[in-house]
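Quick notes on the structure that follows.
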2 protein chains.
Amino acid sequence: MTFDPSIRIGVLGGGQLGRMMIQSAMNLNLEIASMDPDPNAPCKSLASHFVNGDITSYDEVLAFGEAFDVITVEIENVNVEALEELERRGKKVFPQPRVLRTIKDKGLQKQFYLDHGIPTSDFVFIDQKEELKNHTDLLPAANKLRTEGYDGRGVQIIKTEADLNKGFEAPSILEKFVDYHKEISVIVARNEKGDMETFPVVELEYHPEQNLVEFLFSPSELEEELRIKARDLAKKVISEFDMVGLLAVEMFATKDGEILVNECAPRTHNSGHHTIEGNITSQFEQHIRAILNLPLGDTSVKGSAVMINLLGHPDYSGQAKYEGIEEAMAHSGMHLHLYGKKLTKPFRKMGHATLVGDDLQALKDKAREFKESIKIIA
Amino acid sequence: MTFDPSIRIGVLGGGQLGRMMIQSAMNLNLEIASMDPDPNAPCKSLASHFVNGDITSYDEVLAFGEAFDVITVEIENVNVEALEELERRGKKVFPQPRVLRTIKDKGLQKQFYLDHGIPTSDFVFIDQKEELKNHTDLLPAANKLRTEGYDGRGVQIIKTEADLNKGFEAPSILEKFVDYHKEISVIVARNEKGDMETFPVVELEYHPEQNLVEFLFSPSELEEELRIKARDLAKKVISEFDMVGLLAVEMFATKDGEILVNECAPRTHNSGHHTIEGNITSQFEQHIRAILNLPLGDTSVKGSAVMINLLGHPDYSGQAKYEGIEEAMAHSGMHLHLYGKKLTKPFRKMGHATLVGDDLQALKDKAREFKESIKIIA
């Protein structure tokens with residue numbers, strides 16, 4: 001079979017996920033165009049063609065998509081109706097618009113899990129804040145906006161009745177806290193032939209205030225039985241969605257040995273950044289393989305890896321400056337990825353660093369040191 | 001110390017070596033501009049700024065270089081006088097123009113080895129073909145043009161007196177064949193602080209007719225003592241040149257245990273492509289580290305690696321098509337790098353593939369299979 005690198009690929013969203021996807025595609029001569037509302041988006045200088053536009057606009061997405069053979073996304077918050085129209089016109093759109101429609105609404109997403117026998121935490125639908133007081137049995141809980149939550153935004157923690165006033169005055173879900181042992185993630189890929197491959201389970205540690213992943217540990221040290229269960233569950237989720245592309249499934253490993261799906265994202269994901277150096281195939285290459293119906297790559301780990309998100313320092317906003325980079329570069333096995341964002345602001349994702357090696361505990365200790373010594377200021 | 005990714009870097013030459021350098025620099029937010037006479041050079045769409053121009057023209061190189069803080073090359077055949085002028089004007093030019101001047105003339109390069117006690121094969125200077133007959137004691141030998149030889153061009157093999165008429169009617173050297181055990185290469189980096197790091201020794205296997213590297217094996221299976229000798233020799237060469245940047249030193253390991261320098265290239269090199277996946281730091285990242293006076297990276301191998309050059313099929317010229325790519329992608333540990341060249345021609349370097357794994361012999365066998373099954377046709 002002849003491989004044709006001239007296939008035209010367009011991505012909605014021009015952030016770091018798109019950027020790393022484009023970087024990965026370069027090795028196959030694949031050129032990828034990108035659309036983003038930020039004229040200085042991380043993909044701007046790397047995309048074969050960059051359109052500064054509104055990815056939530058029906059007309060703009062339709063006009064952008066018409067130029068490509070395959071259309072994909074690096075963020076869920078896009079105009080799904082335009083993608084459905086592109087699909088009707090014979091374009092390949094992966095993930096499929098119907099999957100995006102379900103996942104981008106956290107209410108529909110949770111209902112999907114219930115309807116398909118996918119274990120998840122207890123929840124109720126909330127239309128206005130007022131209703132929260134009828135569900136105090138679920139506390140402590142998270143009140144999550146059904147749409148447009150992203151990177152820690154759109155989530156309120158409701159620990160006790162005293163917090164009920166923090167709830168959203170908009171369609172949301174109230175989700176009972178899970179008494180979990182570990183937060184884990186499994187990324188699974190599926191191509192049009194139906195081939196599926198899961199990446200090994202990773203463990204996530206969140207920033208205590210920002211609800212952002214702070215550290216990622218690969219591979220997970222959970223018992224093998226639970227790791228198999230988690231990977232099987234990820235396959236079940238992507239199969240039930242009948243989805244083509246990459247799906248990141250965030251899960252809880254509970255203290256009583258259950259695996260519950262927390263939420264998922266039908267795209268490359270922060271919980272797969274370590275795969276660039278830590279696994280034989282990266283999540284970005286796997287995504288490209290999946291949407292082009294190529295053979296999926298071997299996801300095995302090469303060793304242990306710890307990923308650190310490099311966030312903008314809480315006290316600075318403005319032209320980004322980087323401290324501690326040379327010291328980090330002097331450390332063997334440290335791989336830096338800066339995302340090309342000119343401006344920093346508090347907790348903005350500016351880059352990540354992946355430490356690879358043999359001893360996961362040593363890597364964890366080192367990662368905590370680098371988390372302190374690398375500073376993104378202005 | 002604060003890392004400033006806004007430093008302006010310009011590269012003369014826009015081929016695959018520049019392309020992979022730019023790919024590597026992206027992870028540090030570094031933007032690299034490129035100049036090449038081919039308007040569709042592999043760097044065209046990846047460079048932050050691409051100038052279609054003549055890199056051997058004094059005026060054009062000077063005008064290009066003025067816009068940057070650091071100027072580097074991915075090919076020796078550039079206008080050295082313009083680089084010297086840029087250096088006088090306070091630009092950082094690495095490798096230094098005086099090093100380029102010596103190395104791009106194979107005669108001066110050989111003389112440099114003699115003058116600095118660097119072991120190399122016997123040779124004589126030749127001004128016109130007529131003189132060859134006075135040096136039949138050196139046969140079998142290679143007659144090499146002093147300048148502008150590249151990728152197998154500018155070399156004539158003179159096995160016996162019957163071949164003397166094949167010699168060049170231009171300044172050249174006649175170099176006695178070395179009765180070698182293995183052809184090897186060591187890439188060494190040096191920054192302005194004088195830090196030096198060598199990559200582990202690799203072995204090269206050349207295409208029998210094209211004088212192009214066909215396979216590369218990493219790490220070398222030479223005895224440790226010889227490997228140390230080779231790495232020390234590479235350090236000696238870059239130190240004697242007092243050079244900043246990356247230097248690829250091609251050598252012969254002779255049957256009687258000597259290491260002789262064959263020739264060197266003051267830039268990233270085909271004998272370092274495997275380092276992208278096979279070593280902790282790639283040659284491309286190491287080059288960036290060296291020219292920006294950053295700490296040099298750990299060069300250790302992660303495992304064994306075999307690199308295959310993917311050359312245009314001898315029977316085809318035209319718009320490139322790729323056969324056998326999907327089959328290659330289905331193989332774990334196979335990493336493809338296509339260089340973005342639209343047109344193929346016989347033996348043109350169109351890409352490379354690196355196979356990584358634990359068992360070098362198994363990788364070698366597999367590499368020979370892929371060499372047959374991946375075809376670049378038109």
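One is the number of the first residue shown, and numbering goes on along the chain from there.
Each residue, glycine too, has its Cβ placed from N, Cα and C.
Note that TrEMBL annotation is computational and uncurated.
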Site co-member for ATP according to TrEMBL, given A:Lys106, A:Glu175, A:Lys176, A:Phe177, A:Val178, A:Glu183, A:Asn262, A:Glu263, out of A:Lys144, A:Lys229, A:Lys235, A:Lys302: A:Lys144
Count of other CB atoms lying within 10 Å of the CB belonging to A:Phe177 (ATP binding site): 16
A:Glu183 (ATP binding site) in three-state DSSP notation: strand
CB within-chain contacts under 8 A for A:Glu175 (ATP binding site), separation at least 6: A:Lys110, A:Ser121, A:Asp122, A:Phe123, A:Leu138, A:Ala141, A:Ala142, A:Asn143, A:Lys144
Sequence-distant neighbours of A:Glu263 (ATP binding site) in its chain (C-beta under 8 A, six or more apart): A:Lys106, A:Gln109, A:Glu250
Binding-site residues compared (A:Lys106, A:Glu183) - the one with the fewest other Cβ atoms within 10 Å: A:Glu183
Helix, strand or coil at A:Phe177 (ATP binding site) [DSSP, three-state]: coil
Residues A:Lys106, A:Lys144, A:Glu175, A:Lys176, A:Phe177, A:Val178, A:Glu183, A:Asn262, A:Glu263 binding ATP per the record - widest CA separation, whole Å: 18
Helix, strand or coil at A:Glu263 (ATP binding site) [DSSP, three-state]: strand
